[in-house]
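K.L.:
Below are the structure tokens for one structure; questions will follow.
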Amino acid sequence: MSATLFNNIELLPPDALFGIKQRYGQDQRATKVDLGIGAYRDDNGKPWVLPSVKAAEKLIHNDSSYNHEYLGITGLPSLTSNAAKIIFGTQSDAFQEDRVISVQSLSGTGALHISAKFFSKFFPDKLVYLSKPTWANHMAIFENQGLKTATYPYWANETKSLDLNGFLNAIQKAPEGSIFVLHSCAHNPTGLDPTSEQWVQIVDAIASKNHIALFDTAYQGFATGDLDKDAYAVRLGVEKLSTVSPVFVCQSFAKNAGMYGERVGCFHLALTKQAQNKTIKPAVTSQLAKIIRSEVSNPPAYGAKIVAKLLETPELTEQWHKDMVTMSSRITKMRHALRDHLVKLGTPGNWDHIVNQCGMFSFTGLTPQMVKRLEETHAVYLVASGRASIAGLNQGNVEYVAKAIDEVVRFYTIEAKL
């Protein structure tokens with residue numbers, strides 16, 4: 001029996017995003033560009049450790065009480081409490097009324113996993129709606145917990161803009177009380193965010209059907225460089241849904257603190273206004289603790305301590321804000337550089353959507369065929385959907401990338417005419 005025990009296990013394809021990283025690493029060509037994985041790079045194409053993070057690490061190491069002891073099951077309180085403040089805002093009614101539950105998670109993915117486990121236990125029959133397109137891992141996270149997913153229109157490819165009517169129609173047609181996963185800012189993969197006015201329409205529509213909103217907040221500070229501006233959608237949702245349904249928030253510090261490998265994040269839940277919250281809050285917290293205990297026992301401490309220092313030390317907080325502006329402004333600069341090079345080359349099509357988008361990514365509009373040719377002919381690596389990590393561009397490679405895109409677009413434009 002032991003010889004055949006695993007014979008029926010299916011071989012799965014490599015993860016789409018990490019597969020790109022692997023192929024890029026194996027590519028021996030002298031000139032190559034990785035626009036696949038979502039990680040910030042400086043203008044030399046190197047990983048950047050934020051100055052605020054370096055300073056926080058020094059404080060931690062110089063502390064006489066520094067140790068590697070276990071954290072509690074729900075994480076480091078100085079992280080979770082301060083993380084909640086930057087996403088909800090200290091003036092939020094949810095804070096004033098003690099309606100917020102916060103636990104530490106393994107970055108944003110871990111927070112989404114906690115959400116999925118919670119939904120599967122308490123709301124197993126609710127549909128989970130994801131934007132079309134969405135982050136490649138969203139569907140798997142929810143479906144692996146036995147939840148059913150559906151999609152709502154988001155990206156209008158013809159106009160390279162938000163399909164607001166399709167979005168609102170999907171909200172109205174969804175079964176009452178469904179779960180809508182919303183990207184709070186710097187939408188992945190499109191880089192296209194609703195305007196403030198559009199967010200009001202979206203949240204009002206969600207409230208009218210008693211839906212549950214889950215905000216995936218992976219890029220706070222990356223869309224505009226301003227934490228408060230990037231928290232607008234979450235704060236609006238908490239305000240407008242306060243008497244309708246709880247609001248779930250999955251928060252990551254991978255991007256805005258450069259803590260990719262340390263897996264620092266938080267799961268937050270803003271409860272509705274109701275008299276029973278004095279009993280509901282400890283009950284829900286106990287269930288979240290049980291999920292965490294059975295999965296990871298307790299969350300990792302080192303990265304959590306670093307981010308906590310950023311959030312609770314005024315001079316480090318100030319430097320961190322400057323660091324976020326440094327990253328977001330360089331990405332914006334690269335958006336304009338890429339668009340300008342394409343315009344200068346006369347590349348067929350309109351490329352203004354690149355500068356109209358925000359955050360780390362651009363949904364370029366390139367087809368899977370074009371992306372394949374970019375990789376095979378020019379060693380420029382993108383996700384098959386056409387998503388490009390603008391953070392991978394710099395002064396030394398942006399012109400090369402523009403020329404590669406120009407060649408590929410012209411190749412398929414000419415081929416289509418033959």
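Backbone N, Cα and C define each Cβ position, glycine as well.
On a predicted model such as this, the values are computed, not experimentally measured, just so you know.
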K.L.:
Swiss-Prot records Gly38, Trp135, Arg387 as L-aspartate-binding residues. Which of Asn82, Asn188, Asn210, Asn298 is assigned to the same site?
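P.N.:
The one candidate that Swiss-Prot places in that L-aspartate site: Asn188.
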K.L.:
According to Swiss-Prot, phosphoserine sits on which of Ser81, Ser329, Ser362, Ser389?
P.N.:
Ser389
K.L.:
For Ser389 (phosphoserine), identify the closest of the recorded positions Gly38, Trp135, Asn188, Lys255, judging by Cα separation.
P.N.:
Gly38
K.L.:
Should Arg387 (L-aspartate binding site) be counted as helix, strand, or coil on the basis of DSSP?
P.N.:
strand
K.L.:
Cα within 10 Å of Lys255 (N6-(pyridoxal phosphate)lysine): which of the binding-site residues Gly38, Trp135, Asn188, Arg387 qualify?
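P.N.:
Checking each Cα against Lys255 (N6-(pyridoxal phosphate)lysine), the hits are Gly38.
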